[in-house]
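Feature annotations, courtesy of TrEMBL:
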COMPBIAS  1-10  compositional bias 'Polar residues'
REGION    1-28  region 'Disordered'
TRANSMEM  83-101  transmembrane segment
TRANSMEM  108-128  transmembrane segment
TRANSMEM  204-223  transmembrane segment
TRANSMEM  235-255  transmembrane segment
TRANSMEM  381-402  transmembrane segment
TRANSMEM  427-444  transmembrane segment
TRANSMEM  505-525  transmembrane segment
TRANSMEM  553-575  transmembrane segment
Amino acid sequence: MELSTINSPKTDQDYHNKLISSDDPPPPTTLLLQRSKGGLVTMPFIIANEALERVATFGVLPNMTFYLMKEYNMGVTTAQNLLFYWSSATNFLPLIGAFIADSYLGRFLTIGFGSIFSFLGTFVLWLTAMNPKARPPPCDLLVSGQACKSATTAQYTILISSFMLMSIGAGGIRPCSLAFGANQFDKRDNTGNNKRVLETYFNWYYAAVMISVLIAMTGIVYLQDHMGWKIGFGVPVIIMFFSAFLFFLATPLYIKENVTNNLLGRFVQVIVVAYKNRKLAYPEQNSGYHYNKGSEFIVPTSKLRFLNKACIIKSPEDVKQDGVAVDSWSLCTVEQVEELKSLVRVMPLWSTGIMISINLSQSSFPLLQAKSMDRHITKRVEIPAASFGIFTVIALTVWLVVYDRVILPLGSRIRGKPFRIGTKERMGIGIFFSCMSMLLSGIIEHIRRRKSIDQGLLNNPEGVVAMSAMWLVPQHCLNGIAEAFNAIGQIEFYYSELPKSMSSIATAMFGLGTAVANLLASVILSNVDSITKREGKESWVSSNINRGHYENYYWLLAIMTCFNLVYFMVCSWAYGPCVESGSKKLVEEDGEMELENVSRPGSTT
């Protein structure tokens with residue numbers, strides 16, 4: 001299970017610094033009106049809204065494969081593909097939500113509407129469990145051997161509607177919650193005390209997200225396994241109701257900021273103007289470019305030089321006396337051009353993260369593996385099959401603590417100067433660990449399948465193999481370490497390489513990669529299923545786990561990940577050095593020495 005919102009402490013600091021520095025001071029009257037709003041009193045409501053939404057939506061996901069197979073008579077391939085589409089929508093819609101919040105509704109209304117949609121989604125899903133007419137007639141697809149009746153169009157529509165409503169809700173809440181909470185502090189008071197309060201908020205925010213995921217994968221899963229779908233899906237409805245209720249309860253306390261400019265529109269302007277000016281000659285001196293006063297971007301860089309024509313001043317009449325372009329669709333600023341350039345440059349490295357997201361999205365097969373193995377810790381204590389993903393979360397969390405509190409201080413002490421692993425290096429290490437995870441998954445599944453055949457369970461996928469499910473823990477731990485390296489490395493990479501004005505884009509890029517990965521994972525799975533079951537053969541990804549060859553599927557993903565690692569190395573070499581590895585200077589702030597970049601791409605210093 002992917003946790004695309006987890007950042008390292010360095011990322012949090014960069015993000016809230018950008019939030020602090022990105023807004024212009026408001027008029028004095030506005031400042032006086034806002035003094036009585038915002039602050040720490042709003043934090044419990046904002047954090048509770050996000051955390052409870054995570055519990056509700058993550059809680060229905062782990063066991064969803066079983067629900068679709070048992071209640072909707074779907075095969076494992078069909079069920080997994082449907083979950084791929086759902087996950088893709090859930091990861092893509094936050095990009096749309098961020099655009100709507102920044103350009104039209106603002107963060108408060110976007111979160112509010114998102115909470116309502118998430119509540120409706122969990123409610124509709126609960127109705128499918130409560131009303132037998134919302135599902136096809138009962139039929140055991142795995143054991144009976146008979147043709148089971150599929151769901152009708154109306155039944156499918158109700159089910160998919162619940163998924164889409166929850167995805168729309170996540171698209172409204174997740175991209176806005178963190179930034180909306182930061183808005184509640186007086187960002188113009190850029191003092192050390194204010195920064196420490198923001199750091200406390202970010203720490204509590206991420207701690208709440210982690211705890212909510214753990215609760216979802218243990219408590220909600222336990223209810224579904226022991227008390228049935230009606231209660232297992234009903235509790236998330238109640239949780240989501242309180243999520244929305246608590247958020248709206250504090251409405252009078254919130255600082256609600258106005259919407260900002262549309263970054264997407266700014267990118268389109270650069271492309272359009274560069275095309276219009278394609279026949280213009282480049283100015284011989286650097287004084288022929290249009291830039292905002294006070295901007296760090298005064299002269300465009302030489303990379304992707306054809307885009308520089310978008311900011312060439314054709315005549316003095318194109319610029320007003322206050323330095324603003326007369327027509328933004330005829331003249332762009334150097335800052336706009338460099339924003340688009342930075343986004344284009346990171347795209348190849350962004351694409352290397354898709355494969356690891358494909359590996360992490362394989363939720364159905366580990367679930368079926370765990371279901372077919374002995375999950376007892378003691379004679380009375382048994383881990384639910386859907387809760388094994390918790391080991392991924394635990395490994396990720398433990399590694400982050402070890403890296404931040406042990407490895408970095410120890411490395412700094414040994415070297416005698418600050419030590420850290422670069423963002424690109426961490427991304428590459430994560431891809432390597434993901435490859436090892438898929439390789440180990442295949443080995444464990446090969447052993448499990450041989451034991452099931454030896455124990456006469458070839459035609460009984462419901463049988464339990466005399467093999468401890470704890471053998472699955474190492475592959476989950478490797479997944480957690482892979483995500484800790486790659487996912488957080490990606491997020492820090494985007495924050496450090498993209499300009500400050502593109503913080504929202506940096507936030508959305510990882511989720512967009514996950515959305516693309518879910519779609520590609522569905523394509524890979526469908527092709528593997530159709531190719532391997534030709535000529536009457538059993539599919540590698542058969543619904544009968546003992547007759548299929550899940551190990552071959554895992555090894556295929558491992559081979560693809562290995563090629564992706566080579567591709568990453570090529571992209572990393574082509575990208576060149578990062579901003580983080582450029583010249584730095586020591587700045588003393590709040591009594592501590594910190595590293596600060598002297599220049600960024602496109603700056604003149």
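Glycine too: its Cβ is placed from the backbone N, Cα and C atoms.
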Should the transmembrane segment (204-223) and the transmembrane segment (381-402) be scored as in contact, given a threshold of at least 3 Cβ pairs under 8 Å and pairs 6 or more apart?
yes
For the transmembrane segment (381-402), could you work out the same-chain residues 6 or more beyond its ends whose Cβ comes under 8 Å from its Cβ atoms?
1, 3, 6, 8, 62-63, 66, 210, 213-214, 217-218, 221-222, 224-225, 363, 366-367, 370-371, 375, 469, 472-473, 476-481, 483-484, 488
Other than its close neighbours in sequence, what residues sit by the transmembrane segment (235-255), given a CB gap under 8 Å and a spacing of at least six beyond its ends?
34, 37-38, 41-42, 44-46, 48-49, 52-53, 55-57, 59-60, 108, 111-112, 115-116, 118-119, 122-123, 125-126, 180, 183-184, 220, 223
If contact means at least 3 Cβ pairs within less than 8 Å, sequence distance 6 or more, would you call the transmembrane segment (427-444) and the transmembrane segment (83-101) in contact?
no
Among 83-101, 505-525, 553-575, point out the range having the most Cβ pairs under 8 angstroms from the transmembrane segment (108-128).
83-101
